[in-house]
């Protein structure tokens, strides 16, 4: 350490002899005092090292010297630090939104507690906590409340919150997993020993045992149970206490009561010297409970991993090109307009437009489409897609929270945060059930006190343990999480919580035509040569002429001609509403509708062989017509298959379109749709939809997302074809990122499957509890069997939900 | 009978402590980080290249 070094955090000289090192990104930095050390360590521990590369000025020292405890939270109010995880609402800069991880969430009640408590703070606009991945999305008004205050409130509730960061989440998860395994191991060892001694005691009770020996065994059992009581079961106490404090009971309350009363009763028996001890039941129960929770946590993580993977798609670093020089910079430092180089094999760091290079990219994780997508100059690339072949230079159009990917993640968060009606119901029922359970236990205890006081402890234990409503409360969320995550991997994005539930009830599917059943853009599908010139030559001339045109039809010529070289066009002219003209190789050609050239007007046109509703374009030289091109919107190839499957499965299918009657009729006939309406304005479509709903139909509307917004909003469940940026502003309940029509059928199936799995789960959980309760109350179930039954019942529910990943 | 019982119980306790220490060590050294990989890995032969190498020179594989 050099004598005149400056403090890495505040910039003041480090006094001689001071030794306050902090390791930041693998380098030791010296701080001037304990205060700076604490702040810097807090920054590093919370994964916010980016602050040091971001900051443009050193902190003003005096005001930064806050007590270490507070400083950690106050850090999050710093605008430089907020840059990495906070977004501002577009229309109101004082409204901020952040995604936080909550540590300590063990059940649905924790979610409820956090949401309710934070919601009532002044200045907090919106709080949504996701039980699946423990993420909270909070919107607050900066003028009324600081983020540090919100975090402080969360700490007061007994939880811990910090900004979401995929890497940190990973580390946290690993730590939690090690902790769980340690607990299970300790409990397992203890349970094994206690069980052996319990066998000796049971045998002793049957065949006779010296009192002193029995007492020895009891005391040893008590000692072996202590690690379970004082270490491994502690999380249950904490959770139970929090739920009591919030006035809403969760299932850890009966668990805690069971463990503590069993121990107290057994200890009393041990000291007194007569009676039955239940150390074996305590350790077994804890072991089963911890193991079930561990397995449930793993299953839940697997079911949300598709969502989590989306967040990990964007790399942390990117190669920025500035003044012809490449430099590696953090993605957070990129801004719109920057140029970045994406090498083959790398993920694209931000949304942008290719300005140099040709390659193909893999967008599978975003769209479910496994085929690589070609990219060349002028095409858009999205953050998170993987460049496969050649290097691409990309001009950035959106970074961070402004990317398509971030938009998708926000929609997903919204979907998960909005609890489906059934899940809400289940939460309520589980809550009431806990009260009923405690009341019943009390009654049973009083009853047995009267019948046989010696067995009270055993019976109470069995009743509390066997009826733990764990399975009931995870029945719905487990099913929804598994189905949603599975659909996402197929390119089907659920953006609303109710989507799956409503999908299961759909009876009528309404399609928009343009852009949904058809591609929504004209394709060149027929070329008729009339002047003796060959087809390809006509096409080449046409495409060359269209170079100068911005008309949508122009693109389809260029698409058809592919990579063939175009002719240089001299004297290119554009006649709006008619067509284009130009001179190629000394000859003047025109391309356009019939008014464009005299020759075309004189052709006897019966639109022979062209699709109904097709646009006809004529290529002429100065004397004669050379070719006629027919361009029309085409059906997506899978449309026919989808419509027939839906009709076979008993769905009613209709088509509502704003297009002309002839075109709509043509497509309806090809698809076999008998119920179609044409020439509709959006409000007419909405009225038609309302009429269907008035008949009692549950309507799924399939549209292309942008121009159908009011109709989509009016349907019971709406499905939008979503490519690119449309996703970010989707007004629909489901977005087909894949743009594949058969996915609609897949989504409908998934909705039904989810509902049936959920019903099975509810039936199982409720059935198990109601069946087990009377047996336990009558004393037929020993405590250890109760523990086993409780664990198996929750496992069945989780495993049943995981079946949804195979639809 | 009691002295031998005490000895055996003490021995059992010692074993528990040793087993516990062993498990804690295993967790800390990351042996529980990946619960699926090792189970799969045992099925893969390391001397059997997954990507067949091209024959570089005549005769040599």
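Glycine is treated like the rest: Cβ placed from N, Cα and C.
Annotation comment: TrEMBL describes A:96-162 as domain 'HMA'. Mean model confidence for the domain 'HMA' (A:96-162) is a pLDDT of 78.
Residues or ranges marked as transmembrane segment in TrEMBL: A:184-204 (among others).
Taken from TrEMBL, the feature transmembrane segment applies to A:216-237 (among others).
Counting only same-chain residues 6+ beyond the ends of the transmembrane segment (A:249-271), those with a CB under 8 A from a CB of the stretch are 106-110, 215, 218-219, 221-222, 225, 229, 233, 236-237, 239-240, 243, 277-279, 281-282, 285-286, 289, 430-431, 434-435, 437-438, 441, 457, 460-461, 464-465, 467-470, 473, 783. What TrEMBL records for A:249-271 (among others) is transmembrane segment.
According to TrEMBL, the feature transmembrane segment maps to A:277-295 (among others).
Nonlocal intrachain contacts for the transmembrane segment (A:429-451), taken as residues 6+ away from its ends with a CB within less than 8 angstroms of a stretch CB, comprise 108-109, 248-251, 253-254, 257, 459-460, 463-464, 467, 469, 472-473, 769, 773, 777, 779. According to TrEMBL, the transmembrane segment annotation covers A:429-451 (among others).
Sequence-distant contacts of the transmembrane segment (A:457-483) (same chain, six or more residues past either end, CB-CB distance under 8 Å): 107-108, 131-132, 251, 254-255, 257-258, 261-262, 265-266, 276, 278, 281, 285, 292, 296, 299-300, 303-304, 416, 420, 422-423, 426-427, 429-430, 433-434, 437, 440-441, 444-445, 448, 497, 500, 750, 753-754, 757-758, 761-762, 764-766, 768-769, 772-773, 775-777, 779, 781-783, 785-787, 789-790, 793-794, 796-798, 800-805, 807. Positions annotated as transmembrane segment by TrEMBL: A:457-483 (among others).
According to TrEMBL, the feature transmembrane segment maps to A:762-778 (among others).
Residues annotated as transmembrane segment in TrEMBL: A:784-802 (among others).
Between the transmembrane segment (A:784-802) and the stretches A:184-204, A:216-237, A:277-295, A:762-778, Cβ pairs under 8 Å are most numerous for A:277-295. Residues of the domain 'HMA' (A:96-162) grouped by DSSP class, helix first, strand second and coil last, total 22 helix, 25 strand, 20 coil.
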